[in-house]
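What TrEMBL says about this one:
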COMPBIAS  33-43  compositional bias 'Basic and acidic residues'
DOMAIN    2-24  domain 'Zinc-ribbon'
DOMAIN    188-327  domain 'NAD glycohydrolase translocation F5/8 type C'
REGION    33-110  region 'Disordered'
REGION    148-188  region 'Disordered'
TRANSMEM  115-141  transmembrane segment
Amino acid sequence: MFCTNCGAKIKPGTRFCPQCGADLCAMADPKRPVAGEAPDKAQDLTQPMPPAHASWEPRQAASADPTQAAQGERRAEPGQAMAGGAVAPREVPQTPARPKAGSLRPDPERGGRKVALIALGVLALCAAAVTGVILVVMPMLSANHREPSIVRTDDSSSSGGTKKITLGGSDEDDADSSSSEEHAGFKGITRVSASSTLPTDQYADYGAQNLIDGNVTTGWAEGASGLGIGESVTLSGNGRQTFSAFSIANGYQKSESLYYKNPRATKLGVSVDGKKVMDADLPDNEFGSITRFELPEPVDGNSITFTIEAATPGSKYKDTTISEITVS
């Protein structure tokens, strides 16, 4: 079976031509008049038709009926069958061509921003590098720079006076050298003196020498009125030495009864060569106790002095007593 419009081969039972879209049933209807033929003359659908590209024009039914003319116009609309079975071509929307990757023009504004950001980053790196150099190099330069020190060898007022200039010497170097000197070390206590002493009686001797005799049953008792606030004892040895700690056997520890009958120091001021270095708060411990103290730092000197700054009264006597002082 062949299409009467374009001549394409058609499977039996097909209504529309797959090639041109013509309505085969309408074409095969013997009652439908066809231009150029008698109305009662039927078309032979078994014969092949000329191809669509041949110089053949579709036949239109000769009819003056305006209704059929309108139907023919409707068939001529895009996407529908035209008169005689032809299909009008559809209008395909044109897709704008995409530019090639190589033909894209760079955005001048975007490129300018990128260049500005790169420039700012480079400037920041340069500033950081300069700051690092300043922080590292300047301290080294200042440390290596030393002002010359001038040592006068004679009277500067004389015309023939000379000056000795030593390079490399500075105040900081002198301070460092003095602070790095080793301490003299502790050499021992051999002498002791007191600002006042309770006179010897029939029971005991209360002199200051009892503080360094190594015997806690003896002691020094101050001889001032009241509790002896402000009275002191000074311990020294053979020359300059280092003091770093001391121990106190507080009160009169000859016996437990005398320990509580006599006043006991509760605060001592500690001085080295007349310069106070600390205050020692003595707890009111039980009989037989010894308290050890550390100086804030080792101090070199010729003597160490302990001054009574506070005391607790005894139950019977009024003279503050200390049994033993050990310095190291």
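The backbone N, Cα and C atoms fix where each Cβ goes, and this holds for glycine too.
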Tertiary contacts of the transmembrane segment (115-141) (same chain, 6+ residues out, Cβ under 8 Å): none
Residue distribution over DSSP helix, strand and coil in the domain 'NAD glycohydrolase translocation F5/8 type C' (188-327): 11 helix, 71 strand, 58 coil
